[in-house]
């Protein structure tokens with residue numbers, strides 16, 4: 001598995017898209033810092049970008065990589081190799097190279113700007129951690145979609161739909177249902193609703209750091225326990241881990257059964 | 001008239017010249033503060049030396065100067081009130097007063113001034129108290145440099161640090177009040193000056209006005225209280241250069257205004273509060289040059305607020321800048337800096353060419369269904385906020401800052 005991981009990783013590192021992705025984040029970081037002159041505000045803006053863009057790029061890139069390297073995968077399958085290690089190796093190769101572009105692309109300008117001397121360092125590292133989690137989650141989801149669909153166009157379609165649903169439509173439905181059931185106690189429902197969407201989950205995780213004063217404005221014991229203590233942070237991170245593990249398990253399961 | 005005046009001066013001087021110093025210490029002839037007061041004449045000085053004096057119900061009924069040397073401890077043994085001043089012109093200085101009794105029928109205080117004037121209470125340290133300094137129908141007095149550290153846990157069985165009741169023209173400066181119910185509480189007290197105090201970690205309010213008019217508070221620091229300052233049912237209060245910080249919680253405000261008219265709020269900093277200012281039924285208030293930084297809600301307008309002016313304030317990185325619960329607006333927002341402003345300035349006059357709408361649709365939704373706060377900063381919310389900005393339906397459509405500043409305002 002490590003060998004395939006290494007191969008995928010180097011292959012991607014040499015590819016143009018990784019550089020484009022890296023350059024995009026580098027540019028974004030530099031421009032944000034140049035325009036804002038303020039680390040904490042730049043972190044807020046970055047958060048908005050990361051929770052939307054990272055999943056999008058993760059899904060598209062994951063699907064694209066799978067379809068592009070399909071012939072190579074079929075070649076590998078002819079060798080005496082475990083199927084799970086082939087697909088996991090490819091998955092990790094994509095996810096790690098994407099995360100690296102993200103971390104380096106954003107990290108370099110911020111470090112040059114004096115991140116280590118700033119109090120925003122924790123917010124920023126949390127941002128990178130969530131970004132990495134999102135990359136891993138959405139690449140895994142993308143692999144799932146690609147494995148289930150032989151048709152490239154269909155696969156891309158589903159991938160974009162998945163992103164659109166989780167990034168925008170889900171929140172709309174969520175908001176409508178909260179308003180619809182406003183006569184009932186909703187704090188449990190709203191927390192569960194958040195847990196079920198990795199984008200919402202990472203958004204909440206960052207909110208915990210940035211908007212804690214507003215979040216504490218709502219009266220509700222569960223909310224208070226969730227946001228007022230480290231409980232929220234721990235639960236969010238473990239839920240994110242679950243969100244990584246579940247699709248990966250499905251990749252393994254699906255890869256074992258699939259006919260090529 | 002002249003003779004009367006001269007004789008008055010003469011009597012005053014005579015009494016002053018005759019003033020003597022009585023020393024109190026554990027093995028002096030006078031070993032109790034209470035005894036010292038009994039033997040003292042008017043305008044004497046009582047010098048209390050270092051030691052522990054287990055006394056309570058000390059009544060100061062003549063103009064005396066009581067000075068503690070190296071902070072002698074007056075221990076009330078939780079039996080009741082400790083010092084009660086019923087005379088004019090009393091000075092109390094440098095005592096360490098502990099263990100005030102708790103009662104549910106009487107407000108026992110560490111030190112109480114009853115109908116006195118021209119008193120000075122300074123350099124005291126009060127601990128384990130019920131009420132700290134209680135001024136009752138007193139006027140023209142000074143409360144300086146006191147340190148009040150309570151251990152209040154519940155609102156119903158704790159008292160206030162400094163309480164004024166029907167007191168006028170009092171100066172309260174450089175005090176440090178912590179862990180009591182209300183740090184400083186003014187009821188029916190006019191023309192008071194509250195300056196340079198620190199009021200922190202109190203259960204209810206850092207500073208609390210009730211039915212008090214024409215007071216000024218400035219350069220104070222209110223941190224981590226139930227709510228920083230509550231100003232209720234008062235007129236013409238001036239609030240200058242105070243800092244309101246980290247007042248967090250479901251009913252926590254930096255500043256709570258209720259039924260306030262004609263006040264002036266200038267140069268204050270509101271930082272990291274759940275709600276910076278909560279306004280209810282308050283009219284003709286000027287907000288000038290305040291900083292609102294990283295609050296949940298910078299300003300929450302609840303209703304019945306008319307002719308308020310918000311001029312040249314900085315709104316920096318608040319989750320919500322302004323929240324209204326109706327779509328009627330009679331308040332003026334002008335020349336503020338909003339960090340969320342996204343307009344441009346083509347003629348480079350420092351003022352944005354597009355008006356800014358400080359009330360977002362989402363803040364209206366959160367008012368209605370508080371649980372939706374969990375969707376803060378979601379892309380979907382940004383989209384509906386944008387559409388509301390383009391054509392306002394739920395938020396007051398005349399609530400605009402027509403001259404938003406492009407750069408943060410310095411003064």
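Numbers run from 1 along the shown chain.
Backbone N, Cα and C define each Cβ position, glycine as well.
All TrEMBL annotations are machine predictions without curation.
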Transmembrane segment range according to TrEMBL, out of A:42-67, A:198-223:
A:42-67
Winner by Cβ pairs under 8 Å against the transmembrane segment (A:231-253), considering only A:42-67, A:88-112, A:124-147, A:159-181:
A:124-147
Determine which recorded stretch among A:20-36, A:42-67, A:159-181 has the most C-beta pairs below 8 angstroms with the transmembrane segment (A:124-147).
A:42-67
State the residues, same chain only, that lie 6 or more residues beyond the ends of the transmembrane segment (A:159-181) and have a CB under 8 A from a CB inside it; answer 'none' if no residue qualifies.
51-52, 55-56, 59-60, 62-63, 138, 141-142, 145-146, 189-190, 193, 197-200
